[in-house]
Amino acid sequence: MEGKLLIFSAPSGAGKTTIVKHLLSTHPDKISFSISASTRTPREGEENGKDYYFISKEEFLHRIAKKEFIEFEEVYSGTYYGTLRSEVERIWALGKHVIFDIDVEGGLHLKRKFGNQALAIFVQPPSLEVLIQRLRGRGTDSEEKLTERILKAEKELGYANRFDVILKNDDLDTACANAERLMLDFLSVE
Ligand SMILES: Nc1ncnc2c1ncn2[C@@H]1O[C@H](COP(=O)(O)OP(=O)(O)OP(=O)(O)O)[C@@H](O)[C@H]1O
Ligand SMILES: Nc1nc2c(ncn2[C@@H]2O[C@H](COP(=O)(O)O)[C@@H](O)[C@H]2O)c(=O)[nH]1
């Protein structure tokens, strides 16, 4: 059977990973995480096959040529991220719906491809300043990488209205509760 797609997109630092992890921990019976392929270096604590499939650029390009991706982006200069068709099919075969943590272009791409089978949610931080604070607080990126993420975020904040829903992420508990309601409503529709 083909399940549904729950797409969480946002500029880097808005909080989509945090919200997606919350939904996965509370509804493991209903949803499973689409593990993307990425050419970036794993961060401390990240696991291959859990957070991402960490692969080389050569392998990524080879898989593009073999048309294995439903979508992919060079999200940051020289760093590729993409959704493997096999990953979505693996999750549907488990009888679950697929939840995505994906950049803004990738999210809109999936929405165009899957239409009403997908709910595209834009996670909106209170402001660009708060997003920058969150990114700095996370402490995972060098100054150079932070600058690249912030410049991209400035542009992406203007894409919110292209999504099905805007989910404000100011207070985290409220955002998680609202995300859960959106998800359950969407999954309950035949
Ligand atoms: N509502 C919130 N209030 C305060 N801090 C938050 C909130 N939501 C997320 N954070 C924190 O902000 C940082 C960025 O969150 P997260 O990693 O989930 O963002 P992201 O959108 O997934 O970023 P990326 O696209 O880079 O993966 C994390 O340190 C997280 O703990
Ligand atoms: N277009 C896609 N974007 C993706 C995918 N997997 C993750 N991402 C997004 O990339 C950035 C950077 O992530 P990080 O883990 O390096 O902080 C973030 O916005 C992710 O949501 C994908 O398969 N396709």
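Cβ coordinates come from backbone N, Cα and C, glycine included.
Keep in mind it's a predicted model, so treat the numbers as computed, not measured.
As given in TrEMBL:
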BINDING   ALA10, PRO11, SER12, GLY13, ALA14, GLY15, LYS16, THR17  ATP binding site
DOMAIN    3-184  domain 'Guanylate kinase-like'
For GLY15 (ATP binding site), the three-state class that DSSP assigns: coil
Binding-site residues whose CB lies under 6 angstroms from ligand 2, from ALA10, SER12, GLY15: SER12
Chain-mates of ALA10, PRO11, SER12, GLY13, ALA14, GLY15, LYS16, THR17 with C-beta within 8 Å of site centroid, ATP: VAL123, PRO125, LEU131, ARG134, ASN169
Winner by Cβ contact number (other Cβ atoms within 10 Å) across the binding-site residues SER12, THR17: SER12
Stretch-averaged pLDDT - the domain 'Guanylate kinase-like' (3-184): 97
